[in-house]
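**Q** Among the features that Swiss-Prot reports, heme 1 binding site is placed at H118, H219. Summarising the annotation, Swiss-Prot assigns heme 2 binding site to H132, H234 and lists sequence analysis as the type of evidence. Per Swiss-Prot, the feature transmembrane segment maps to 54-74, 122-142, 150-170, 182-202, 220-240, 269-289, 335-355, 385-405, 413-433.
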Amino acid sequence: MSTAANEPSRSRGKAPAGERVADWADGRLGIYSLAKANMRKIFPDHWSFMLGEVCLYSFIIIILTGVYLTLFFHPSMAEVEYHGSYVPLQGQMMSEAYASTLDISFDVRGGLLIRQIHHWAALIFLAGMFVHMMRVFFTGAFRKPREVNWLFGFLLLVLGMFTGFTGYSLPDDLLSGTGIRFMEGAILSVPIVGTYISFFLFGGEFPGHDFVSRFYSIHILLLPGIMLGLLVGHLILVFYHKHTQFAGPGKTNKNVVGMPLLPVYTAKAGGFFFLVFGVISVVSAIATINPIWAIGPYRPDQVSTGAQPDWYMGFSEGLIRVMPGWEINAWGHTLVLGVFVPLLIFPLVLAAIAVYPFIESWVTGDKREHHILDRPRNAPTRTAFGVAWLTVYFVLLIGGGNDLWATHFHLSINAITWFVRIAFFVGPVVAFIATKRICLGLQRRDKDKVLHGRESGIIKRLPHGEFIEVHEPLSQEQLHTLTAHEQYQPAEIGPTVDENGVERKVSGTQKLRAKLSESYYGEESQIPKPTVEEYKEITSGHGHH
């Protein structure tokens, strides 16, 4: 009996090695059930969804190149005499950090290219994060249930900014040292504890002997570790919540229309990773960035002219450059408002985008889950707020480079500074009003297209001599896209008296919420969609085409 029972297994033969490994792993990790649940997960297809992937792939490139650079970088401020390959600096005294960075650039095989890739990838990572978050903001992808994922993305952006700052400060060149000096001045402006924080960070009086080693630990361990955890959590929530999608035929809040993870999306993502890596490598090979050998080592008594931080920190410098040099002297102490006030505004500018999802949820009272994205024009108030924030950001970027604007365009630096000061307050208001009006105009245009069709460019002469332009009807897909958005009613305070005729108390918070809700969904904030009756009347021949 045993011989007969074992005969089928002998005829089948031994399973392939890959299958045996998979069976072994499944018996211990349960990968079959995990793969079954996620490998056929559907991802919608839209170019804007690739922005998040640019961030992910740039982060991977940063880690890979960063590991290589750590093998040769010496995070020490000990003074050494340089005897490397770069002749103009031979015999100069400099820190080990600066000398090792020169060695990476000129003596390590491929070192300069890796340095450039690392720096360019960091810039592209932060630019991708910035644009990705703006896409999420303007399309309303932060709404329930994705508020936590929005905060994860916000923290990744902020931590990425500080990781980049600590990274380009490590070479201890004159430009990075100027940035460190800038940071030290901001820290010293903090009342009471500023001096203690500065001494702790630098290990004594600036520049001290410890900040490179401390920044090194923060740059390669602390911040990347936190960012990696946030990134994993961000991706897990993307899988858990399912991907958002733009409105279209067959698309609802309960489904996702697109391609499966395997094999289509995986193949596309793999190719896109190598495309991003290739583009960054080409840019790094032909465009020099941070040429520390041309700047020289840092000296506390020197400063670079035209010194600029990386673009993502430019708005913080703009805050300080345009702030008047006000001071308050009291009881033997000086409060430097010219630095301390910008130091307070800096986190507020960033926090404004972090808390916005919760503010909008409270104002609108909308507690439903949203998986269909908005077109920015259909949320004019939100879009106007976003453009106003961008206006503040870019105005401050101009302020951060006021000296370069002045020298390149032969302008008065004082005129630029005053322009930025005024635009900081006036610009967001003008941008808000203009953006909201543009969105409403686009809504009217969409309504007209639904009712009358698209202009064909064909001019027709009627029998009685009148000239008209022929309009072509939209496809069903286009009609669905232009009319699929929901239009909400503003929140109301309700009756002023209760059921007994007694005047009901209405809190100031309720009144504020009602007014803000009116600004979101009131008559002046959305154009009514065309009704079925209007559409039938036009398309049945009563309208004028």
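Each Cβ is built from the backbone N, Cα and C atoms, and glycine gets one as well.
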**Q** Please report the distance from the Cα of H219 (heme 1 binding site) to the Cα of H132 (heme 2 binding site), rounded to the nearest angstrom.
**A** 24
**Q** Under 8 Å for C-beta pairs, could you tell me which stretch among 54-74, 182-202, 220-240, 269-289, 335-355 has the largest tally with the transmembrane segment (385-405)?
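**A** Most Cβ pairs under 8 Å with the transmembrane segment (385-405) come from 335-355.
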**Q** Report, as numbers and ranges, which residues of the same chain sit near the transmembrane segment (182-202): CB under 8 Å and 6 or more residues beyond its ends.
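**A** The answer is 165, 208, 210-211, 214, 309, 317, 320, 333, 335-336, 339-340, 342-343.
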**Q** Between 220-240, 269-289, 413-433, who has the most Cβ pairs under 8 Å to the transmembrane segment (54-74)?
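**A** Most Cβ pairs under 8 Å with the transmembrane segment (54-74) come from 269-289.
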**Q** Where else in the chain does the transmembrane segment (413-433) make close Cβ contacts, counting only residues six or more beyond its ends and a cut-off under 8 Å?
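**A** Non-local partners: 318, 321-322, 384-385, 387-392, 395-396, 398-399, 402-403, 405-406.
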**Q** Would you kindly give the Cα-Cα distance separating H118 (heme 1 binding site) and H234 (heme 2 binding site), rounded to the nearest Å?
**A** 23
**Q** Rounded to an integer, what is the Cα-Cα distance in Å between H118 (heme 1 binding site) and H132 (heme 2 binding site)?
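**A** It is 21 Å, counting Cα to Cα.
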